[in-house]
């Protein structure tokens, strides 16, 4: 009888364990990244307003919002590993670049660390199967340099001057510069006008190169959108 019970326990474990390991690994599985950059003028030019970082007003340039693992069906994993919290010491060599390229605009004013912590713990932990914490932030910084959104727009005569530009011209100028179609997200200024807010680009699962987006987020901009100053 004892032998029978022991055999049944072993069989039960063999049935359960594969599903446990499958759930664990799938929590960090994904198909591609969204690399998201935001225009600070549009973040601040809303009824909600903004607060500059404790280091001062950021440069008038697109800032990193995040690097987000996603699935091809439009869903995404989040908060995948509570055992790997944000650790400032792992990115000590990146802090100068982080403050410049990944600034916080949330109120109250902060150093940026709360922002980076949120991005790592919600999104970065879901990419641990391919990149660690240092590589996660370093990859985003390299992608920002590589894409240079503001340069692509100003080269096409699209400037952050408060004027309106066609959504098509914004999208086309970025595509011409980087070779891939972006997805443009808009928000509303204090008067309710649609404005250029965030630009989504897609990155392969290794984080090494841009790709054509398998799927775009939901949302819609007007045919003409403002590009506010900052």
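Glycine too: its Cβ is placed from the backbone N, Cα and C atoms.
TrEMBL entries are annotated by machine, without manual review.
Per TrEMBL, active site is recorded for 65, 119, 123. The annotation signal peptide is assigned in TrEMBL to 1-22.
Shown on the structure are the features that TrEMBL records.
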{"residue": "65", "record": "active site", "Cβ neighbours (10 Å)": "21"}
{"residue": "119", "record": "active site", "Cβ neighbours (10 Å)": "21"}
{"residue": "123", "record": "active site", "Cβ neighbours (10 Å)": "24"}
Measuring Cα to Cα, tell me the gap between residue 65 (active site) and residue 123 (active site) in whole angstrom. 11
